[in-house]
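All remarks here apply to the structure that follows.
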Amino acid sequence: MTETQEQQAETAATAPAEPRPGRTALWVLAAAAVLSLAGVVYSLYRLTSMPGGLDDTGIMILANSLFSPIVVTVFAGAVAGVVAARLARARRKFFTVLGSLVIGLAAGATAYLSFQADADIALAIALVLLGSALIGGLFALPQRPVTVVAGLSATLLLLAFMFGRGYYETAASMSLFSDPLDEYGALGTAVPFIAGVACGICAFLYLRARKAGVKLLGHLLAGALPGAVWLVATVIAQVAVEVVLNTGLNQVEPLDQALLALSFQWQYNGSMTAMFAGALCAVLAYGLLLPKPHRSKAAKKSSTATG
């Protein structure tokens, strides 16, 4: 019994330490989260701020613009949770939630001060951003932080795709499509699929570079994380839009309702497409590109004899 316990202790002592996320990746993610969060909140304020408070048009513009700060806040909450847990190294789950709470309070307070001319709407936006950060922190709770960081690195790439799409729609003087429905189909299906494939490749390359020994399930989770963040942010945004509209407007025009419904339909389709493409690409890369462990001759003989 004593020899067995000694062997187990020696095995635990000689076992390789669990790989941790690189400091460079954490610094890059933290800087990107803070800068992007500050940028989207400031852009929302510049877009919708009015000296005497928001009128009906301003409230509709605000409702249509809520998705960007929400998805960035979910991402920032996840990053804050990972970074806080990495710095603490003890009571990991507690510090994960604490990090997400801090970034959520900062985002919520900034939003409230930006829209304090309309106290009810400001409070609603602040609570939405706080909740978004806390929900984002849930993505940082899995036991393998290297898998989470791989997924968040891919999520940062997805946010870059979203920024590029928004910049194209704003800056393009002419459309490449003669029919708006063709443009909607291309941007609503092809772009999320391409973004998902790129995110899956990004997650796989990070895990391979870290030599983390992550198995199939870890690659699947890392590849699917960007699409999952997008999907969760869409659900939160839909609830937030309803709250803001019910708070600031007595009635919403049918055309505005139709545009909001079309926008959320695109968000749901795009998020699920990106999640599927990212997970599939990461799993295929794991199965096709990673070298398989060599089986010993004794194991081959025993399997042959058993067969």
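Glycine is treated like the rest: Cβ placed from N, Cα and C.
The transmembrane segment annotation in TrEMBL covers 25-45 (among others).
Sequence annotations record features per position, and here TrEMBL assigns transmembrane segment to 65-87 (among others).
Look at TrEMBL and you will find 94-115 (among others) tagged as transmembrane segment.
Annotation source TrEMBL lists transmembrane segment at 121-141 (among others). Long-range contacts of the transmembrane segment (121-141) within the same chain, counting only residues at least 6 positions beyond its ends with a Cβ under 8 Å from a Cβ of the stretch, are 54, 59, 62, 66, 69-70, 73-82, 85, 93, 96-97, 99-101, 103-105, 107-109, 111-115, 148, 151-152, 225, 228-229, 232-233, 236, 239-240, 243-244, 247-248.
The annotation transmembrane segment is assigned in TrEMBL to 146-164 (among others).
According to TrEMBL, the transmembrane segment annotation covers 184-207 (among others).
Feature annotation from TrEMBL assigns transmembrane segment to 219-241 (among others).
Annotation comment: TrEMBL describes 272-291 (among others) as transmembrane segment. The list of residues near the transmembrane segment (272-291) in space but at least 6 beyond its ends in sequence, with Cβ under 8 angstroms from a Cβ of it, reads 154, 158, 189, 192-197, 199-201, 203-204, 208, 216, 219-228, 230-231.
Using the rule of three or more Cβ pairs under 8 Å, pairs at least 6 apart in sequence, the transmembrane segment (146-164) is not in contact with the transmembrane segment (94-115).
Same-chain residues lying 6+ beyond the ends of the transmembrane segment (94-115) with a Cβ under 8 Å from its Cβ atoms: 33, 37-38, 41, 44-45, 48-49, 54, 69, 73, 76-85, 87-88, 121-123, 125-127, 129-134, 136-137, 140-141. Among residues of the same chain six or more beyond the transmembrane segment (25-45), those with a C-beta under 8 A of the stretch's C-beta atoms are 62, 65-66, 68-69, 72-73, 75-76, 79-80, 82-83, 86, 103, 107, 110-111, 114-115, 149, 152-153, 156, 159, 206.
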